[in-house]
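The following features are taken from Swiss-Prot:
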ACT_SITE  Lys8  active site
ACT_SITE  Asp132  active site
BINDING   Pro90, Val91, Gly92, Ala93, Gly94, Leu95, Ala96, Gly97, Gly98, Ser99, Ser100  ATP binding site
Amino acid sequence: MHFLSPAKLNLFLQILGRREDDFHEIVTRYQAIAFGDQLSLSISSRDSLQVINACHLETPSNSIWKSVALFRRYTGITTPVSWRVVKQIPVGAGLAGGSSNAATALFALNQIFKTGLSDEEMRSLAEQIGMDTPFFFSTGAALGVARGEKIIALEESVSDRYVLYFSSEGVLTSRAFAVVQPSDCSSRKNLEYTQNDLEKPVFRLRLDLKEKKHWLESLWAELPVHIGLTGSGATLFVRYPEILEEDPSYAAQIQRAVTLSGGLLTSPIRRDPTAWYSIYSESALAAT
(Lines of atoms letter the chains of each structure in order from A; the text may use other names.)
(Lines give C-alpha, C1' and ligand atoms only; values in the text may rest on other atoms or scores of the structure.)
Protein backbone atom coordinates (compact mmCIF):
# COMPACT_ATOMS: atom_id res chain seq x y z
CA MET A 1 0.00 0.00 0.00
CA HIS A 2 1.28 3.44 -0.95
CA PHE A 3 0.58 6.81 0.65
CA LEU A 4 1.54 10.45 0.32
CA SER A 5 3.00 11.82 3.55
CA PRO A 6 2.43 15.55 2.99
CA ALA A 7 4.36 18.49 4.36
CA LYS A 8 2.60 21.32 6.17
CA LEU A 9 3.08 25.06 6.38
CA ASN A 10 2.39 27.37 9.29
CA LEU A 11 0.65 30.24 7.51
CA PHE A 12 0.96 32.16 10.77
CA LEU A 13 2.24 31.29 14.24
CA GLN A 14 1.81 33.48 17.28
CA ILE A 15 3.26 32.90 20.72
CA LEU A 16 0.96 34.02 23.53
CA GLY A 17 3.38 33.40 26.40
CA ARG A 18 4.92 30.67 28.52
CA ARG A 19 2.67 28.11 30.22
CA GLU A 20 2.97 26.70 33.74
CA ASP A 21 4.34 23.47 32.24
CA ASP A 22 7.18 25.54 30.68
CA PHE A 23 5.90 25.05 27.13
CA HIS A 24 4.72 28.04 25.12
CA GLU A 25 1.06 28.77 24.41
CA ILE A 26 0.60 29.27 20.67
CA VAL A 27 -2.03 29.70 18.01
CA THR A 28 -1.12 28.70 14.47
CA ARG A 29 -2.73 28.05 11.11
CA TYR A 30 -1.69 24.71 9.62
CA GLN A 31 -2.00 23.99 5.91
CA ALA A 32 -1.13 20.69 4.23
CA ILE A 33 0.59 21.07 0.86
CA ALA A 34 0.95 18.99 -2.29
CA PHE A 35 4.58 18.12 -1.56
CA GLY A 36 5.88 15.39 0.68
CA ASP A 37 7.37 11.96 1.20
CA GLN A 38 6.13 8.71 -0.32
CA LEU A 39 5.42 5.97 2.20
CA SER A 40 4.81 2.31 1.38
CA LEU A 41 3.65 -0.42 3.78
CA SER A 42 3.46 -4.18 3.44
CA ILE A 43 2.97 -7.14 5.77
CA SER A 44 6.26 -8.95 6.27
CA SER A 45 8.02 -11.73 8.15
CA ARG A 46 9.93 -9.18 10.24
CA ASP A 47 9.81 -5.46 10.98
CA SER A 48 11.95 -3.32 8.69
CA LEU A 49 12.33 0.29 7.56
CA GLN A 50 14.07 1.60 4.45
CA VAL A 51 14.43 5.36 3.97
CA ILE A 52 15.52 6.46 0.51
CA ASN A 53 17.53 9.73 0.44
CA ALA A 54 18.00 9.70 4.24
CA CYS A 55 19.34 6.35 5.45
CA HIS A 56 20.40 7.96 8.76
CA LEU A 57 16.69 7.95 9.66
CA GLU A 58 16.55 4.14 9.60
CA THR A 59 16.66 3.93 13.39
CA PRO A 60 14.40 2.59 16.17
CA SER A 61 13.66 6.21 17.18
CA ASN A 62 12.05 7.02 13.83
CA SER A 63 8.55 8.45 14.33
CA ILE A 64 7.10 5.64 12.21
CA TRP A 65 8.09 3.10 14.86
CA LYS A 66 6.42 5.26 17.51
CA SER A 67 3.20 4.93 15.51
CA VAL A 68 3.68 1.18 15.18
CA ALA A 69 4.19 0.79 18.94
CA LEU A 70 1.09 2.86 19.77
CA PHE A 71 -1.02 1.03 17.19
CA ARG A 72 0.05 -2.38 18.49
CA ARG A 73 -0.62 -1.41 22.08
CA TYR A 74 -4.05 -0.03 21.17
CA THR A 75 -5.21 -2.85 18.87
CA GLY A 76 -3.25 -5.88 20.06
CA ILE A 77 -2.08 -6.56 16.48
CA THR A 78 1.62 -7.44 16.40
CA THR A 79 2.06 -8.72 12.82
CA PRO A 80 5.48 -7.62 11.44
CA VAL A 81 5.46 -4.89 8.79
CA SER A 82 7.88 -3.48 6.25
CA TRP A 83 8.12 0.25 5.50
CA ARG A 84 9.71 2.08 2.59
CA VAL A 85 9.94 5.87 2.67
CA VAL A 86 11.10 8.00 -0.26
CA LYS A 87 12.19 11.09 1.65
CA GLN A 88 11.64 14.49 0.04
CA ILE A 89 10.87 16.67 3.08
CA PRO A 90 14.13 17.99 4.56
CA VAL A 91 14.86 17.30 8.23
CA GLY A 92 14.54 20.33 10.52
CA ALA A 93 12.73 22.31 7.85
CA GLY A 94 9.62 23.37 9.77
CA LEU A 95 7.52 21.24 7.41
CA ALA A 96 6.60 18.50 9.93
CA GLY A 97 8.19 15.67 7.97
CA GLY A 98 8.54 13.37 10.97
CA SER A 99 5.07 14.20 12.27
CA SER A 100 3.55 13.60 8.85
CA ASN A 101 5.33 10.24 8.53
CA ALA A 102 3.98 9.23 11.95
CA ALA A 103 0.40 10.24 11.11
CA THR A 104 0.55 8.60 7.69
CA ALA A 105 1.90 5.42 9.30
CA LEU A 106 -1.06 5.30 11.72
CA PHE A 107 -3.50 5.71 8.85
CA ALA A 108 -1.66 3.08 6.78
CA LEU A 109 -1.71 0.54 9.62
CA ASN A 110 -5.43 1.13 10.11
CA GLN A 111 -5.95 0.48 6.39
CA ILE A 112 -3.79 -2.60 5.94
CA PHE A 113 -5.17 -4.35 9.04
CA LYS A 114 -8.74 -3.08 8.50
CA THR A 115 -9.06 -2.13 12.18
CA GLY A 116 -11.65 0.58 11.52
CA LEU A 117 -10.16 3.16 13.88
CA SER A 118 -11.88 6.54 13.66
CA ASP A 119 -10.03 9.76 12.95
CA GLU A 120 -10.67 10.74 16.56
CA GLU A 121 -9.00 7.55 17.83
CA MET A 122 -6.01 8.03 15.54
CA ARG A 123 -5.79 11.71 16.47
CA SER A 124 -5.69 10.72 20.14
CA LEU A 125 -2.82 8.33 19.44
CA ALA A 126 -1.08 11.00 17.35
CA GLU A 127 -1.11 13.43 20.29
CA GLN A 128 1.30 11.05 22.04
CA ILE A 129 3.83 11.39 19.21
CA GLY A 130 4.24 15.09 18.41
CA MET A 131 2.61 18.50 18.73
CA ASP A 132 1.63 18.80 15.08
CA THR A 133 1.03 15.09 14.37
CA PRO A 134 -2.74 15.30 15.17
CA PHE A 135 -3.17 18.01 12.51
CA PHE A 136 -2.85 15.49 9.69
CA PHE A 137 -6.14 13.87 10.72
CA SER A 138 -7.96 17.10 9.84
CA THR A 139 -9.05 18.00 6.30
CA GLY A 140 -5.68 19.62 5.70
CA ALA A 141 -6.52 23.07 7.06
CA ALA A 142 -6.76 23.77 10.78
CA LEU A 143 -5.90 26.00 13.67
CA GLY A 144 -3.54 24.59 16.28
CA VAL A 145 -3.90 25.93 19.82
CA ALA A 146 -2.45 25.22 23.29
CA ARG A 147 0.99 23.83 22.39
CA GLY A 148 -0.21 23.34 18.81
CA GLU A 149 -1.63 19.86 19.41
CA LYS A 150 -5.26 20.88 19.94
CA ILE A 151 -6.81 21.01 16.49
CA ILE A 152 -9.71 23.14 15.30
CA ALA A 153 -10.63 22.04 11.78
CA LEU A 154 -11.23 24.71 9.14
CA GLU A 155 -13.66 23.90 6.37
CA GLU A 156 -12.91 26.79 4.06
CA SER A 157 -10.45 26.08 1.27
CA VAL A 158 -7.67 28.45 0.28
CA SER A 159 -6.77 29.30 -3.31
CA ASP A 160 -3.11 30.04 -2.71
CA ARG A 161 0.17 29.02 -4.23
CA TYR A 162 3.37 28.57 -2.28
CA VAL A 163 7.03 28.72 -3.28
CA LEU A 164 9.31 26.85 -0.87
CA TYR A 165 12.94 27.69 -0.10
CA PHE A 166 14.86 25.04 1.79
CA SER A 167 18.07 25.41 3.79
CA SER A 168 20.99 23.00 3.92
CA GLU A 169 20.91 23.24 7.72
CA GLY A 170 17.81 22.67 9.83
CA VAL A 171 16.60 24.41 12.99
CA LEU A 172 15.63 22.45 16.09
CA THR A 173 12.21 23.52 17.36
CA SER A 174 13.39 23.21 20.97
CA ARG A 175 16.33 25.51 20.28
CA ALA A 176 14.12 28.13 18.63
CA PHE A 177 11.67 28.22 21.54
CA ALA A 178 14.54 28.27 24.05
CA VAL A 179 15.62 31.74 22.86
CA VAL A 180 12.12 33.27 22.70
CA GLN A 181 11.98 36.54 24.64
CA PRO A 182 8.83 38.16 26.09
CA SER A 183 9.10 40.90 23.47
CA ASP A 184 8.77 38.26 20.72
CA CYS A 185 5.30 37.24 21.89
CA SER A 186 1.95 38.50 20.63
CA SER A 187 -0.93 40.01 22.55
CA ARG A 188 -4.11 37.95 22.65
CA LYS A 189 -5.95 41.12 21.64
CA ASN A 190 -3.74 41.87 18.65
CA LEU A 191 -3.28 38.74 16.56
CA GLU A 192 -1.74 39.12 13.11
CA TYR A 193 -2.72 36.32 10.76
CA THR A 194 0.39 36.45 8.59
CA GLN A 195 2.97 36.78 11.36
CA ASN A 196 5.33 34.13 12.71
CA ASP A 197 6.58 35.06 16.17
CA LEU A 198 9.40 32.53 15.85
CA GLU A 199 11.02 34.53 13.05
CA LYS A 200 12.82 36.97 15.35
CA PRO A 201 14.34 34.32 17.66
CA VAL A 202 15.26 32.07 14.72
CA PHE A 203 16.85 34.99 12.86
CA ARG A 204 18.92 35.74 15.98
CA LEU A 205 20.24 32.19 15.74
CA ARG A 206 20.49 32.12 11.95
CA LEU A 207 21.53 35.40 10.33
CA ASP A 208 21.70 33.59 6.98
CA LEU A 209 17.93 33.00 7.07
CA LYS A 210 17.27 36.67 7.83
CA GLU A 211 19.47 37.67 4.89
CA LYS A 212 17.76 35.11 2.67
CA LYS A 213 14.34 36.56 3.51
CA HIS A 214 15.57 40.06 2.63
CA TRP A 215 16.87 38.74 -0.69
CA LEU A 216 13.51 37.10 -1.43
CA GLU A 217 11.69 40.31 -0.53
CA SER A 218 13.74 42.21 -3.10
CA LEU A 219 13.25 39.51 -5.73
CA TRP A 220 9.46 39.40 -5.27
CA ALA A 221 9.08 43.13 -4.56
CA GLU A 222 6.88 43.89 -7.58
CA LEU A 223 4.32 41.20 -6.72
CA PRO A 224 1.61 41.19 -3.99
CA VAL A 225 3.03 38.28 -1.98
CA HIS A 226 3.71 37.36 1.64
CA ILE A 227 7.13 35.97 2.58
CA GLY A 228 7.66 34.18 5.86
CA LEU A 229 9.17 31.35 7.86
CA THR A 230 7.20 28.17 8.45
CA GLY A 231 7.27 26.84 12.00
CA SER A 232 10.73 27.23 13.50
CA GLY A 233 12.29 26.99 10.03
CA ALA A 234 14.52 26.58 8.31
CA THR A 235 12.15 26.74 5.30
CA LEU A 236 11.05 30.13 4.00
CA PHE A 237 8.03 30.40 1.74
CA VAL A 238 6.31 32.84 -0.57
CA ARG A 239 2.51 32.88 -0.54
CA TYR A 240 0.32 34.47 -3.19
CA PRO A 241 -3.31 34.10 -4.38
CA GLU A 242 -3.60 31.63 -7.26
CA ILE A 243 -5.78 34.09 -9.19
CA LEU A 244 -2.63 36.13 -9.93
CA GLU A 245 -1.61 33.46 -12.43
CA GLU A 246 -4.65 34.34 -14.57
CA ASP A 247 -3.07 37.71 -15.36
CA PRO A 248 -0.42 37.18 -18.10
CA SER A 249 1.78 39.96 -16.73
CA TYR A 250 1.73 38.61 -13.17
CA ALA A 251 2.15 35.03 -14.43
CA ALA A 252 5.32 36.00 -16.29
CA GLN A 253 6.74 37.80 -13.25
CA ILE A 254 5.95 34.83 -11.02
CA GLN A 255 7.62 32.40 -13.41
CA ARG A 256 10.68 34.64 -13.59
CA ALA A 257 10.91 34.96 -9.79
CA VAL A 258 10.53 31.20 -9.25
CA THR A 259 13.17 30.45 -11.88
CA LEU A 260 15.68 33.02 -10.60
CA SER A 261 15.23 32.03 -6.97
CA GLY A 262 15.26 28.25 -7.43
CA GLY A 263 12.12 27.81 -5.34
CA LEU A 264 9.72 24.86 -5.36
CA LEU A 265 6.18 25.81 -6.44
CA THR A 266 3.34 23.93 -4.76
CA SER A 267 -0.31 24.25 -3.70
CA PRO A 268 -2.61 23.50 -0.75
CA ILE A 269 -4.01 20.00 -0.49
CA ARG A 270 -7.15 18.76 1.23
CA ARG A 271 -8.09 15.40 2.68
CA ASP A 272 -11.37 13.58 2.32
CA PRO A 273 -12.27 12.31 5.83
CA THR A 274 -12.77 8.80 4.43
CA ALA A 275 -9.39 8.68 2.69
CA TRP A 276 -5.87 10.06 2.91
CA TYR A 277 -4.07 12.89 1.15
CA SER A 278 -3.21 12.14 -2.46
CA ILE A 279 -1.54 13.85 -5.39
CA TYR A 280 -0.19 10.63 -6.88
CA SER A 281 -1.97 7.72 -8.47
CA GLU A 282 -1.51 4.31 -6.89
CA SER A 283 0.31 3.09 -10.01
CA ALA A 284 2.65 6.08 -10.00
CA LEU A 285 3.58 5.48 -6.38
CA ALA A 286 4.08 1.77 -6.98
CA ALA A 287 6.55 2.57 -9.76
CA THR A 288 8.86 4.60 -7.49
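Every residue, even glycine, has its Cβ placed from backbone N, Cα and C.
Location within the structure of each feature annotated in Swiss-Prot.
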| residue | record | DSSP class |
| --- | --- | --- |
| Lys8 | active site | strand |
| Pro90 | ATP binding site | coil |
| Ala96 | ATP binding site | coil |
| Asp132 | active site | coil |
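Here the Cα atom of Pro90 (ATP binding site) is found 16 Å from that of Asp132 (active site).
Shown in sequence order, Glu169, Gly170, Val171, Leu172, Ala234 are the residues of the chain, 6+ apart in sequence, with a C-beta less than 8 angstroms from the C-beta of Gly92 (ATP binding site). When the alpha carbons of Gly98 (ATP binding site) and Lys8 (active site) are compared, the span between them is 11 angstrom.
Recorded residues Ser100 (ATP binding site) and Asp132 (active site) have their alpha carbons 8 Å apart, per Cα-Cα distance. Cβ neighbour count for Ser100 (ATP binding site) (all protein chains, 10 Å cutoff from its Cβ): 27. Long-range C-beta contacts of Lys8 (active site), restricted to its own chain and to partners at least six residues apart, with a cutoff below 8 Å, comprise Tyr30, Gln31, Ala32, Ile33, Leu95, Ala96, Ser99, Ser100, Asp132, Phe135, Phe136, Thr230. Note on the binding-site residues Pro90, Gly94, Gly98: the fewest other CB atoms within 10 A surround the CB of Pro90. Its Cβ placed at the centre, Asp132 (active site) has 27 other Cβ atoms within 10 Å.
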